[in-house]
Structure formats: C-alpha cells, structure tokens
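Straight from TrEMBL, the features:
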REGION    38-60  region 'Disordered'
COMPBIAS  46-60  compositional bias 'Basic and acidic residues'
TRANSMEM  70-87  transmembrane segment
BINDING   G76, A78, V79, N83, S343, N375, L440, D443, S444  Na(+) binding site
TRANSMEM  99-117  transmembrane segment
TRANSMEM  138-169  transmembrane segment
DISULFID  C181-C189  disulfide bond
TRANSMEM  256-276  transmembrane segment
TRANSMEM  285-302  transmembrane segment
TRANSMEM  336-357  transmembrane segment
TRANSMEM  369-395  transmembrane segment
TRANSMEM  428-449  transmembrane segment
TRANSMEM  469-492  transmembrane segment
TRANSMEM  504-523  transmembrane segment
TRANSMEM  544-567  transmembrane segment
TRANSMEM  579-604  transmembrane segment
Amino acid sequence: MAVLSCCMKWSFGCKGWREGKVQGYQEKKRQEKKLLEEEEDFSLSSEKDAHASDSDENLERGNWSNKADYLLSMVGYAVGLGNVWRFPYLTYQNGGGAFLIPYTLMLALAGLPLFFMECSLGQFASLGPISVWRILPLFQGVGVTMVIISTFVAIYYNVIIAYALYYLFASFQKVLPWSDCFSWADEFCSKTRLISDCNATLNGEIIHANYSFITSNNLTCINDTINYKPVQFPSEQYWNKVALQRSSGLDETGNIVWYLALCLLLSWMIVAAALFKGIKSSGKVVYFTALFPYVILLILLVRGATLEGALDGIEYYIGKESNITKLMEAEVWKDAATQIFYSLSVAWGGLVALSSYNKFHNNCYSDAIFVCVTNCLTSVFAGFAIFSVLGHMAFVLERPVSEVVDSGFDLAFVAYPEALSKLPVSPLWSFLFFFMLLLLGLDSQFATIETLTTTIQDIYPQMMKKLRIPITLGVCILLFFLGLICVTQAGIYWVNLIDHFCAGWGILIAAVLEIIGIVYIYGGNRFIEDIEMMIGKKSCFFWMWWRMCWFFLTPVLLVAILVWSLVTFSTPTYGSVLYPAWGTAVGWCMIIFCVIWIPIVAVVKICKAEGNICQRIVSCCRPTANWGPYLECHRGERYSHVVNPQKEKEHEIPTVSAFTYFRE
C-alpha cells in the first residue's frame with residue numbers, strides 16, 4: 001500500500017508538473033502578446049487575430065474551441081457529394097451487398113492507416129501541409145502538390161455547389177420546371193417510353209411495321225418484339241438545355257451563364273462568411289452543415305421506404321440481387337480501394353491542416369477511427385435513401401431499376417430529380433434533396449479553403465494574424481474569377497476535365513510519396529514515438545497492425561492503384577461527347593503543373609544545403625532544426641534542442657552536423 005501510495009503521489013505530481021508547465025508557458029505568451037498589442041497603434045493591421053483566443057493552448061496559431069468543432073469539421077470534410085452520388089452506384093454495379101466486403105477491407109488496409117498518419121502528423125507539428133514537411137525537406141514538394149491540387153478542386157467543387165443552389169432556387173415553384181416537357185423541350189423529350197416499331201399479326205401473317213401503322217390498323221404488338229425510340233427524360237433535357245445551356249463540346253465555349261455565375265458568387269460568399277474568423281467561425285457553422293444532412297437523409301429514407309417499388313430498388317442496391325461472384329473480378333477491388341481513398345480525402349492536405357489546430361495531447365487515434373467509420377456508414381445509409389426513391393421511379397415507369405440508376409451528375413441532377421418530380425408535394429422533396437447536396441458540398445469546401453489559408457498562415461504568420469479577413473476574402477474572390485470558365489456554356493466540360501486529371505493521379509502520387517517518406521526515410525518507428533508523445537505509450541501489440549499497414553500493405557495498395565490507373569487511362573469524355581486533342585493536352589498540363597513541384601523543390605533544397613552532393617542529399621532527408629512540437633512545453637527530452645520555429649525560417653536546411661540531436 002505504501003508503494004501504491006507513493007506511485008499515486010508521483011503520478012499526480014508529474015501530471016501537475018506538466019499542467020503547470022503548460023500553464024506557465026501560456027501565461028508567458030499571454031504577457032508577451034499583451035505587451036505587443038500595447039506597443040502597436042490602433043489600426044486594421046493591429047487588430048487582434050480572431051483565429052486565436054486567450055483560452056487556446058497555442059496562442060500563436062489558435063486551437064479548436066472544443067473537440068466537437070474539430071470532429072464535425074473532419075466529418076464534414078470527409079463526407080461529401082461522392083458519398084451520395086458515387087458510392088451507391090458502385091455498390092449496385094459491383095455486386096450489391098458483396099461489395100461491402102472489399103470496401104471494408106480497403107478501409108482497414110489503405111484508408112484508415114493513411115488517415116491516422118495525416119491526423120497525427122498535423123497535430124504533432126501544429127503545421128499545415130507544406131510547412132509540416134520540415135520532417136523531410138526533400139519531400140516538401142509533396143505538400144506543395146497537395147495544396148495546388150486542393151486549389152484546382154476548390155475551383156470546380158464550388159461550381160457543383162452552384163449547380164445545387166440553382167436547383168434549390170428552382171424548387172421554389174408549385175410545379176417543378178423539369179417535371180414535364182415544357183417549351184424548352186424538343187421532340188425527343190418524353191416522360192414515358194415511345195414505341196418505334198414492332199411485330200404484329202395481320203391477316204394471319206407476322207409483319208414488322210412502325211408504331212403509327214400498328215395503331216392506325218388497331219393491331220397489337222407481339223411481346224419481346226418492341227423497339228423504343230431514343231427519348232430523354234424531361235429532367236435530362238432541363239439539365240442540359242436550361243440549367244447548363246450546354247454547348248456541343250469544349251471547343252464551343254459560348255457565353256457565361258449568368259444565373260450560374262450568380263449562384264457561384266453566392267456560394268463563394270457563403271464560404272467567405274463561414275471562414276472570416278478561420279476555425280473559430282467555421283467550427284460553429286459545421287454544427288448545422290455537418291449534422292443537418294443526416295436529418296434530410298433520414299427524412300428521404302422514411303419517405304422513400306413508403307413508396308411502391310422501394311423494396312425493388314433496395315434489393316438492387318444491397319439485397320437479394322447481391323452477387324458474391326463479383327469479388328473474383330479485380331475491377332471490384334480497384335473500385336473499392338479508390339472509393340475509400342477519395343472518400344476519406346487523404347493526401348489532399350486538408351486532414352493535416354485541420355488537425356494542426358488540435359491541442360497536442362488530443363487523442364488523434366480515436367478521432368481517426370470515429371471519422372472513418374462515420375464516413376463509411378454514411379455512404380451505406382445514403383444508398384438506402386437513393387435507391388428507395390429510384391425503385392419507385394422504376395415502378396412508375398414500368399422499367400427495371402438498372403435502366404434508371406446512374407452516378408455522378410446524372411444521378412444528382414437527372415435521375416433523382418426525375419424521381420422526386422413524381423412524388424406528391426414534389427417541390428418540398430426537391431428542396432430537401434438539393435439543400436442536402438448544398439450542405440454536403442459546403443462542408444468539404446470549408447476545409448479545402450482552410451487548407452489554403454493555413455498554408456499562408458504558416459508561411460506568413462504575422463501577416464495572416466493582422467490581415468486574416470482581407471486575405472481570406474481575397475482567396476475567395478480570386479478563386480471565383482478562376483471558376484468563371486466553369487459556368488460558361490462549356491463549363492461542365494471543364495469541370496469534368498479538372499476532375500478527371502487533377503483529382504486522380506496527382507493525389508495518388510502524393511499519397512505514395514508521403515507514406516514512403518515518413519515510414520522509410522524519416523522512420524516509421526520514430527514516427528510512432530512522436531505519436532506516443534501525444535497519446536501516451538502503447539504496447540507493441542497495439543502498434544503491430546499499424547506497422548504492418550504503414551510498412552507494407554498500404555504502400556503496396558497505393559502503388560497498385562496508381563499503376564492500374566495509369567494502365568487503364570482513357571481520354572476524358574462527357575457522356576457521348578469526346579474531348580478535342582487540345583483539351584486532353586490541357587488536362588496533362590494541369591496534372592504536370594501539380595506534380596512538377598515535387599522534383600523542383602527537391603532540387604532547390606539540395607542546392608541550398610551544404611557539403612558535397614551526398615552530404616546534401618543526406619541532410620535533406622533529415623528533419624530541419626526546427627522540426628518538432630510547436631510549443632516548447634511539449635518537446636520533452638527528445639526535442640529539447642529544437643530551434644524555435646518562430647526564429648528559424650522553415651525553408652532553411654541545416655548542415656549535416658546540425659542533425660546530431662536527431663539521430664535515433
């Protein structure tokens with residue numbers, strides 16, 4: 001008992017010492033901050049940074065107000081449009097319920113390990129996706145690639161949000177404008193299938209004739225001989241002719257569609273308003289934007305489940321139509337891996353940026369598991385809401401579900417709106433659906449823009465502290481103007497082109513280099529020790545799975561997906577429209593511009609280092625002198641010799657001798 005009592009006293013004493021050290025450091029920083037504020041004149045440039053508050057652990061960068069802000073922001077970032085318009089279709093296409101087997105395995109083997117790594121990396125250093133590469137200067141170009149790709153994605157992603165806004169406003173009508181073939185429709189528009197020709201019996205003989213002849217002679221078509229005219233749903237023609245005013249191809253740019261441009265402006269205004277105080281404001285907005293979509297999904301599911309034919313749709317999605325033999329096809333496993341990879345938003349830089357505002361001892365391990373599981377369950381849940389309504393649509397049209405289901409833009413803006421138009425009080429259901437798409441898109445967009453502003457903050461901290469609002473507003477205005485090409489009559493082709501190139505290989509290349517750099521060059525065991533400084537010491541058994549994934553399984557899977565994507569590359573198309581050669585060339589230029597910074601930055605770092613070529617490469621493969629926990633009170637014995645990050649520029653490369661403190 002005496003020993004136990006001594007141990008408890010020692011434990012509480014250590015805890016009190018650590019808390020006292022943190023509080024003392026915070027009090028010192030508060031006093032320094034107060035003196036600086038008293039010395040500065042009252043002006044715009046000396047306003048207090050709303051990004052940080054006196055209650056924060058990190059008074060320079062700021063922290064999340066509470067853990068719920070962070071978790072909801074992460075869930076909002078991970079759960080996006082793809083969970084609604086891509087996952088349900090992939091599940092249906094790849095064997096229904098059987099698809100959940102490779103999907104779950106890929107979550108455990110590829111998605112979660114990389115997600116946990118990025119969350120830990122950002123939280124440990126309290127730095128964004130570029131500056132965090134103080135851990136491995138040679139690979140800092142990987143962070144640059146992540147930020148540039150996020151910039152491209154932010155441009156076109158807000159255009160999709162603008163589409164949702166347009167349809168949201170169009171839903172405020174007694175009769176939905178795409179519910180029938182109105183004045184904008186052509187002769188191919190029809191709510192039902194139109195018979196072109198068929199076989200019939202005339203005077204005891206079987207003849208083949210067009211349908212007008214059949215009806216004029218009061219004949220009846222023989223079953224299984226009917227040919228239908230190529231017709232389009234009203235919602236499809238409304239999407240192409242009215243909403244997009246789509247041109248014939250990328251060559252025909254046409255005019256800016258003014259109402260889409262206004263919707264794009266409004267979407268950027270919403271983003272700027274939510275981020276004007278950084279995480280302090282966006283962390284509050286996500287309480288609504290991240291949670292309310294679940295309420296809408298539940299409402300749509302309950303409504304869909306009460307419709308005739310809903311069960312048929314769900315059977316196609318995940319019921320008796322499931323095909324376990326599909327698991328023998330390599331394409332199914334590739335689809336599962338890519339869906340997990342892109343759905344969790346790993347290697348975009350956003351996970352590192354959002355996690356960098358955590359307190360140092362936050363349990364990033366449990367956070368990663370919670371967000372990943374929530375993301376995957378949301379995808380499955382959304383599928384029930386989607387397929388129940390599509391099943392009813394197939395029932396009304398007397399078609400199989402396979403003929404009405406689709407993915408991507410065609411699901412969100414054609415198939416599902418068409419299904420909703422057939423429901424009683426259709427404007428209400430349409431409003432709820434597009435409001436859900438709006439919220440899902442905004443969450444992801446908030447985190448993407450926060451990635452860009454965090455990068456600016458790390459490079460120019462004092463400027464960002466003084467001019468956060470003007471800089472955030474400037475970023476949004478710049479991206480709005482860059483996105484105007486995507487709201488021309490050829491805008492949908494540009495959106496598809498950017499998505500086809502930038503949101504594919506670039507992210508895979510960044511992910512592969514990220515995990516190789518951290519695990520094989522910086523050191524996987526060393527990185528685990530860094531994590532244990534935050535979440536506490538863990539057993540060897542605890543780390544066994546993560547070591548197995550980080551050292552072997554995850555890199556192999558990522559390389560396999562990358563190689564598969566390169567081998568199976570096909571030129572981009574939008575529906576049946578082929579892209580011109582110059583359009584494909586522009587796509588290649590975009591992806592090259594994204595990844596070219598990896599070798600460029602590596603060469604620059606080597607040139608700035610000291611010593612012969614071997615010494616320079618070796619020095620660039622080791623952490624900089626200012627790598628470590630951001631706050632001095634968290635560095636402990638392992639990082640006691642770290643140069644103060646505020647005094648050492650992050651791009652400087654120390655000499656080889658400077659790394660004696662960092663040897664394992």
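Keep in mind that glycine also has a Cβ here, set from the backbone N, Cα and C atoms.
Shown on the structure are the features that TrEMBL records.
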residue	record	contacts (Cβ under 8 Å, 6+ apart)
G76	Na(+) binding site	V286, T289, A290, D443, S444, F446, A447
V79	Na(+) binding site	A290, P293, T374, N375, T378, L440, D443
C181	disulfide bond	C189, S190, K191, P234, Q237
S343	Na(+) binding site	A78, G80, G82, N83, F87, G111, N375, C376, S379
Discussion item. Tell me if the transmembrane segment (336-357) touches the transmembrane segment (428-449). I count contact as 3 or more CB pairs below 8 A, with pairs 6 or more residues apart.
Written reply: yes
Worksheet item: Which of the listed recorded positions (C189, L440) has the least company, meaning the fewest other Cβ atoms within 10 Å of its Cβ?
Response: C189
Worksheet item: Top stretch among 369-395, 469-492, 504-523 for CB pairs under 8 A with the transmembrane segment (256-276)?
Response: 469-492
Worksheet item: Looking at the stretches 70-87, 99-117, 138-169, 285-302, which one shares the most CB pairs under 8 Å with the transmembrane segment (336-357)?
Response: 99-117
Discussion item. If you count every Cβ pair below 8 Å, which range out of 70-87, 99-117, 285-302, 504-523, 544-567 shares the most with the transmembrane segment (579-604)?
Written reply: 504-523
Worksheet item: Any residues 6+ beyond the ends of the transmembrane segment (285-302) with a Cβ under 8 Å from its own?
Response: 68-69, 72-73, 75-76, 79, 274, 378, 381-382, 384-385, 388-389, 429, 432-433, 435-436, 439-440, 442-443, 446
Worksheet item: Can you list the residues of the same chain, besides G76, A78, V79, N83, S343, N375, L440, D443, S444, whose Cβ falls within 8 Å of the Na(+) site's Cβ centroid?
Response: V75, Y77, G80, G82, S345, T378
Worksheet item: Does the chain bring the transmembrane segment (544-567) near the transmembrane segment (99-117), so that three or more CB pairs sit under 8 Å (pairs 6 or more apart in sequence)?
Response: yes
Item to complete: State the non-local partners of the transmembrane segment (504-523) in its own chain: residues 6+ outside its ends, Cβ under 8 Å from one of its Cβ atoms.
Response: 114, 117-118, 121, 135-136, 138-139, 142, 145-146, 149, 341-342, 346-348, 550-551, 554-555, 558-559, 561-562, 565-566, 591, 594-595, 598, 621, 623, 664
